[in-house]
Structure formats: structure tokens, C-alpha cells
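*Asks:* Starting off with a structure, shown below.
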Amino acid sequence: MCLFSVLLASTEGMPVWLQRSFEFVEPYWVSTREALIGEDLLLQAGVVVGVLALSWLLLIVMRPLFKRLTSTISKRDDWVEGAVGWVSANLLRFLTAGLLWAVSLWFDARNEALAVTQSVEEAATVVAKNYILIRAVASISTLLLLYRAVPAKFRDRPYFRVMIWAISLVLVMNLLGIWEGISEGLDRILLLPIADSESTRVTALTILKGIFVLLILIPLASWFMRFGEGRVKKTPSLTPALQMLVIKVLKALVIVGAVLFGISSMGIDLSALAFLGGAVGLGLGFGFQKVVSNLISGVILLSDRSIKPGDVIEVDNTYGWINKLSARYVSVITRDGMEHLIPNETLITEKVTNWSFSDDMVRVRVPFGVSYHSDIHKVMELAIEAGKSTNRVLPDKEPVCWLLGFGDSSVDFELRVWIRDPANGLNNLRSAIYVKLWDSFKEHQIEIPFPQRDLNLRGGAPIEVIMKQQATQQVEQGGE
């Protein structure tokens, strides 16, 4: 006599809820008991042992092939080598799980074929056979494969442990035949809408499925974004600006795809969200106008490649080289070591000087003036020599000196030199040239003038000039 039959016979004095619990569990216990100790148990055990032995033999045969394959692709790509190495390390689990699932499917197909020739009751019995031992070993092997596929740093996180326990619990209930009844009950709990709808039907079961899918998609999306970013950065044919654009588009697509897939798995029709999404987008557009403007400006900057990491730019009284392009701002490091975060919109709407846009070679202007008593030909000669002797000035580009005009107190010149490293600064170069000009002009007695003004007095009464001695005598006489 079955244990549950004995318990059910003695439940007359038990609470109603306990009696119903026993009645609910009894059929699943009976099916599990029959599967575990029935006539097919030895057959299932033999199949499992045979599959394990066959998997071990195949592992011995295939391992040398995988070693050769690994040595062949070791010089090609890191991720391909890692994938092949992971498959090689888990080859026994792969073979065991694959062969057991194949045998299980073959048994199911054989039972369906036999059921065609049987009576209705016998056919139902044949089809209902549950090869629980084979499925249990196959499921455990599959679960171990999934566990080993997750990087070690994710395995210790709480949400991953919760997910593994949830999968194991559902797996056990499915093997025992309990999950089907539970899932049907959860599917009857309608959450949205109150009345059943063809387009959107959210139940407790779909919510659980959506949560489970999101728990899987979150680490997968994170891994895929890091993997894609690494692959894009290793592509030499893409410029740094284009790499940043591809990475940002990839991240946006992965995040949006994961969210939409999670929502869809909850039973929500995505077409029903189109109107709501448009209204929310309009509201966000007005509320986050500057943020959206900076995001769009960032995409424009990355697509037209007008600036890129390493360029030397000057914008809004900020001179420095670009350190990083982000979705909202551009990081510019100045010569003082300060990092300025300039909004992308500023680089679109304001005037930007890119000192290294098409070529790193830049011409630097050094204005100066000398006295009107100076020999202008000698001044120009000394200025050119000062430019040539300054470090960082390109020797293959001859410095030139031009007379620009006659100022109020000086003859105005401008020395023009070429450099190829504007990121190292411009003011320090001008300072070095000015020092050389000062030394050279001082050696050759060439004056650097300062502003002068002539005072002319015209008309009015004559001014009486009194000498110092005469003024003293007048003061003494006045005292007497």
C-alpha cells in the first residue's frame, strides 16, 4: 500500500488545508515512485552508465584533436582561443548532456510511435512514461555547463546564486511533473488587463518569466558590451572617433534590445507601448532638452570626425588636448594639468580651433617691435636667427619675419615659425623666442621701445620762469 494512501486514510481529523495538500501531492508522488522503482529504472540506469562510458571514450579520442586545434588558432584571435579552450575543458559535460538528451528524445519518439499501435488507455500509459533518471542526469550536466560558462567573478554575486537555485527548483519540479500544474495555476492569475486581451496578457507566470529573462540578460548584455568594445578597439581600420561612435551605438542597441525583450517576455505587446512611448518621449524631450542636445551633438562629433582623442583644440578660452569623448561632454586636459569637461553642444555651436585637425604642423606668430632708430634689415635677420635656434621649430620650414607697420612708438614686426607638436604648448615656445630676441637685440644695441608722448602747449599767457636763487631771495625779502 502506498505511503500517501495510508496518510490519506488517516486524515479525517486533520485540517482541511492539510488534506487538500496531501491530495494535491499524491499523484506526483505516485508517478515519481513508479519512475524511480518501476520496471524502467534498470533500463535508465544502464543507459546512463552506457552514455557516461561512451562519453569518456569519445573524450579520449577527441582531446588530441582539440589540442591541435588550440595550437592552430593560438596565433589568431584571443576570444576564439578562449572559446575553444573552454569547450575542451568541459568536453565531457558536453558529450554527456548531448548524448543523454538525444537518448531521451529518442525514447519519447519511440513511445509516440508505439502508442499508435496500442489502445487508447495503453497509448496514454506509454506516452506518459517519464524517464526521470535520464532527464535528471542530462539536466544536471546542462546546469553544470551553464554554471561553468559564467565568469568566476559573477558566480559569487547574490543574484546569480538566486538564479541558480531558482533554475534548480524549477528543474526538480519539472522532472517530478509538478511544474506543469503550478505554471497553469500561475497563468490563471491575470494581472493586466483585468479582462483577457489578445494583445496584452500579463499574468503571474509571465511576470516570473520576465524577471528570470532579465536576470539572464543583464550579465549577458554587460559581457557582450565589454566584448564588443574590446573587439572594436582592436580594429586598426577604424579611427578613434569612429570606434567611439560604434561602441556607443552598440551599447545603446544592446540595452534597448535587452529591455524590450524582457518586457515582451512578460506578455506585454510592444505595439501597445508605441503611443505611450511617444508621449513620454515628447515630455522627456522638453524636460531634458540640453541633455538630448548634448547626446545628439556627441553623435555628430563622432560621425563627422571633426575632433578625436589626442587633438589639440582651443575653445571658450580653453587650450589643451582631448582626453576622452563621452556621450555628454568632451574631456580636455590643459597645460596646467586641469581637466575641463566641455559640453558637446558647445563644440557644435561655438567656434573651435583644432590645431591638429588635418595636420600636426602649426605656424606660430610672435609679434614684437623695435625703436625707430634701429636698422630694420638687421632686426629681421636677428629675428630669423632667433627662430632657427629655438627648440621645437622645424628646421625644414624656414622662419620668416615681416614688417607689419609703423606704430605710435615702435616699428612693428612679426616672426612666424613652424612646429609639429602643438600639444606641448604655444606660450612656452613664444617665451623661448622672446628671450632669444632680447639677448640678440641687447648685444647689437637695438632698442625695444616703450610708449612715448610729446606734450605741446599752444596759445595762452606767457609763463614766468624764476630761477632757484632768485626765488630764494624773494622769499627772504618777503619775510623781512
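Including glycine, each Cβ sits where the backbone N, Cα and C put it.
Unlike curated records, TrEMBL annotations are generated automatically.
For 291-356, the entry in TrEMBL reads domain 'Mechanosensitive ion channel MscS'. What TrEMBL lists as domain 'Mechanosensitive ion channel MscS C-terminal' is 364-448. What TrEMBL records for 41-62, 83-107, 132-150, 162-182, 202-224, 245-264 is transmembrane segment.
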*Asks:* Can you tell me which of 83-107, 132-150, 202-224, 245-264 gets the most C-beta pairs within less than 8 Å of the transmembrane segment (41-62)?
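*Replies:* Ranking 83-107, 132-150, 202-224, 245-264 by Cβ pairs under 8 Å to the transmembrane segment (41-62) puts 83-107 first.
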*Asks:* Using DSSP, how many residues in the domain 'Mechanosensitive ion channel MscS C-terminal' (364-448) fall into helix, strand and coil?
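*Replies:* Across the domain 'Mechanosensitive ion channel MscS C-terminal' (364-448), the residues distribute as 33 helix, 23 strand, 29 coil.
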*Asks:* Out of 83-107, 132-150, 245-264, which stretch has the largest tally of CB pairs under 8 angstroms to the transmembrane segment (202-224)?
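*Replies:* Against the transmembrane segment (202-224), the leading stretch is 245-264.
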*Asks:* Do you know the mean pLDDT across the domain 'Mechanosensitive ion channel MscS' (291-356)?
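*Replies:* Reported value for the domain 'Mechanosensitive ion channel MscS' (291-356) is a mean pLDDT of 82.
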